[in-house]
Amino acid sequence: MSANASALAGAVLAGGESRRMGRDKARLRLRGETLAQRQVRVLREAGAEPVVIVRRAEQRMSVRAVEQVCDEFVGAGPLAGVQAALKAAAAAGARWIAVLAVDMPAIEAAWFGDLRRACRKGKGAVVRHADGFEPLAAIYPINALATAERRLRRGERSMQRFVAALVRQRKMRVVALPEEERWRVANWNRPEDRDRERRKHA
């Protein structure tokens, strides 16, 4: 069975501390909407419902009609965000969750359409390129929750190792990303990244 709209939840990971950017990335604006609003829209256009935002407890953001959840494993990085997303999706009765980092504004709904077509027999899907997996724009099966929690309790935070473990467990399928498509997974880390993207759409 492939992932379908009724079985697919979504989560925007917005809990990073944005040290290099100097301000909360989730509240940066691009083409009239905040990055948090944009990523929620992209996930919904991809057929994900419900969509949640995973954030730090002290963060405040205004995105209408979207549940916000906080990291359970505080300070444990993106893996803690994925764990919180998986837990929320499991509570909603979803079989898969599409996860998208708030600072990847080149990802469009079609990205998840391609991944959904790879989700067979309950497996999730992740893109891999020359530098490794792209774990923050991926579809995870809900049964990845136990693996995430087990690794976090052991103090392990590596997203690359987490995804590699899921691939070994045959819970994730790998989709190759051509080198000429690498621009799609660029993220905003510094103010110059934001400014460069804004100039494209000026």
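The backbone N, Cα and C atoms fix where each Cβ goes, and this holds for glycine too.
Per Swiss-Prot, the feature GTP binding site maps to LEU13, ALA14, GLY15, LYS25, ASP71, ASP103. The Cβ of ALA14 (GTP binding site) has 28 other Cβ atoms within 10 Å, all protein chains considered.
According to Swiss-Prot, the Mg(2+) binding site annotation covers ASP103, on the basis of sequence analysis.
A helical conformation is recorded for LYS25 (GTP binding site) in the three-state DSSP classification.
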